[in-house]
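Remarks on the structure that follows.
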Number of protein chains: 2
Amino acid sequence: MKFTITRSIFSKALNDVSRAISTKTTIPILTGLKLDLTEQGLVLTGSNADISIEATLDVNSEQNDLQIESTGSIVLQAKFFGDIVRNLPEKTMTLEVKDGFQTVITSGASEFNINGLDANNYPHLPEIDAEDALTVPASVLQQLINQTVIAVSNQESRPILTGVHLVIDSGKLIAVATDSHRLAQRTLALPEAGDAHYDVIIPGKSLTELSRTLTDDIQNVEIRFAENQVLFIAGRNAFYSRLLEGNYPDTSRLIPTTSSTTAQFTAPVLLASIQRASLMSHESSNNVVRLALDPASQTATLFGNSPDVGNVEEQLTFTSLAGEALDISFNPDYMKDALQGVGPATIELAFTAPLRPFTMVPTEDRDQFIQLITPVRTFS
Amino acid sequence: MKFTITRSIFSKALNDVSRAISTKTTIPILTGLKLDLTEQGLVLTGSNADISIEATLDVNSEQNDLQIESTGSIVLQAKFFGDIVRNLPEKTMTLEVKDGFQTVITSGASEFNINGLDANNYPHLPEIDAEDALTVPASVLQQLINQTVIAVSNQESRPILTGVHLVIDSGKLIAVATDSHRLAQRTLALPEAGDAHYDVIIPGKSLTELSRTLTDDIQNVEIRFAENQVLFIAGRNAFYSRLLEGNYPDTSRLIPTTSSTTAQFTAPVLLASIQRASLMSHESSNNVVRLALDPASQTATLFGNSPDVGNVEEQLTFTSLAGEALDISFNPDYMKDALQGVGPATIELAFTAPLRPFTMVPTEDRDQFIQLITPVRTFS
């Protein structure tokens, strides 16, 4: 195996696949990065138990400037190899595998000799049919991920809740996540899905990593499903994730359909107020802020309190306030996450009772994105 | 005590003095920030056992927009208070101290009530005469600090070596630091010092913190010395540091005056090569690279080796190479620090023997900045 390549391009592909490589893996060869050189191009692979990333550098791409002298495969220590490539002096670099997996990397007057590993011992990635592929704009997928992973549980006690539940049915995609204290549900029209039906649970961590690889230059992402794997193809990268096994709880009945009090706010303005109130609640043993809504006097007041440190009180600016008076306490961090997911929009909070979950929707897009927050019972 | 002020200015001053405040102090009141309001303005103070920083916001400054209603003093929890100020909604903020050190902070519709502490219990800063003040351009002081603190020891076993030795004599300033493996000495003509004589040792950590407060808008720094304190006045900030007590070792006789081999390099080019070689030495139990200089054949070769991982060999590009052939091994991290201190200049390395310290000087400024590195004995 011997090739010469544009160093910056190779380094970038190496960074991409390194996202999947962990130094903490129990399978030693997975701390390495696999290189496969065929007449078609160079494929870099990184993997851990949950996700695998494959980057393909095409022999026909002019900017890759890939010169193949002989094909083959090798596995190299990922972190160390990445450091070497980043620090080489010239624009191009040459990599040659000699006897016994000894690998020589040269660039200008610099020559590295490092020990490689037999690529035959590297686990194979699953093969996933292109048969039922869906295509989604990268920006839409990224938004969908960001808006749902916030509600994913990070408690391994109920592993199923660490995933995002994705259902594709009747030309619609519904993504739901909940940690049982809050819920985020994003709906997307997907006419090209036709009568395809999928019901899968993708680990939240996989989606977060996927979202980080979706750079601005990527237009569309192709999604393919297999038995226990999902594959996202974005630009020259293929991103594999395992699926979570089990039944996701039925969340549709959790979302209230009526309300007795509603309030509308500009999301960033409310976010800043919540942020201030949380400065106090974070100093307290129970991280709770209190919201008092009084439609009769048209006032909304937010309270944060810490017995040791002090308290804060703020008159909130709202765009509308209607229904019955209400006093409700909740975790301000859930509210912050929810508001950050909405962006600069106007949102509506809809309440039924002080101890019942309340909803947050963008007023312009009520059906596409709905979030639920469970209040906290306080004795004060 | 009650005043109104431009929030951004107050927040910046608060950040400045917070550099001196540690949450780990054994004196509880020092986790606080002191505010002193007089008819002249507002003084903020932060302190730990080693350094104290005072910022003065003048009542006559238009941008401060300081409105004084009543004077007084208070101590507030620094981190918490800083978070509040940063998150307030409006351009201005009002702070009022009520009975029992209760402090009310208001901005727009937001009102914080927090508990303060009696400012009478806050330790007093030393008073330092303006009599023998020196003035140094801020950029020169910053360079001098950066070029010497790299060689300061971080081992508390010889506390005196954790400081920078500063001698002002005969209109000249000499700053020296050494951790006994390497040494950095910076000389500065200081004609305005006249026949003033000072010999002090300033903790390296204090100088590093001072250097961080020297922002681009600061032209000159006034330096005042007292018995066991030094005071730097930079813009609206006064920076106090304790001095280290004891006798600094005589370093002047350590610097060799003759050499048998010299080599000149462009500092950033040599730095990149050292960086590459250190990738290997860092993977080895003894962090050493080897430099082989052969003036006869006009070659300079750098070697890095790790028994487990591999090795690197590089032909170095030099601008001149003269004297006897030499093989020398050294810690590449010391060389990296030394080269980074020099910047983009051309440097000369001068060697006497494989196991004797060698010097590095910028070729344009040989007397002003000299660094010394002790080689490592290897058995290979």
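Please read every residue number as a count from 1 along the shown chain.
Heads up, the Cβ atoms here are built off N, Cα and C, so glycines get one too.
Remember, predicted model here, so these are calculated numbers, not experimental data.
The feature domain 'DNA polymerase III beta sliding clamp N-terminal' is assigned by TrEMBL to B:1-126. Sorting the domain 'DNA polymerase III beta sliding clamp N-terminal' (B:1-126) by DSSP state (H, G, I as helix; E, B as strand; all else coil) yields 32 helix, 55 strand, 39 coil.
Across the domain 'DNA polymerase III beta sliding clamp central' (B:136-250), the model assigns an average pLDDT of 95. Residues or ranges marked as domain 'DNA polymerase III beta sliding clamp central' by TrEMBL: B:136-250.
Per TrEMBL, domain 'DNA polymerase III beta sliding clamp C-terminal' is recorded for B:253-376.
Assigned with DSSP, the residues of the domain 'DNA polymerase III beta sliding clamp central' (B:136-250) fall into helix, strand and coil as follows: 29 helix, 48 strand, 38 coil. Residue counts for the domain 'DNA polymerase III beta sliding clamp C-terminal' (B:253-376) by DSSP state, with H, G and I taken as helix and E and B as strand, are 28 helix, 51 strand, 45 coil.
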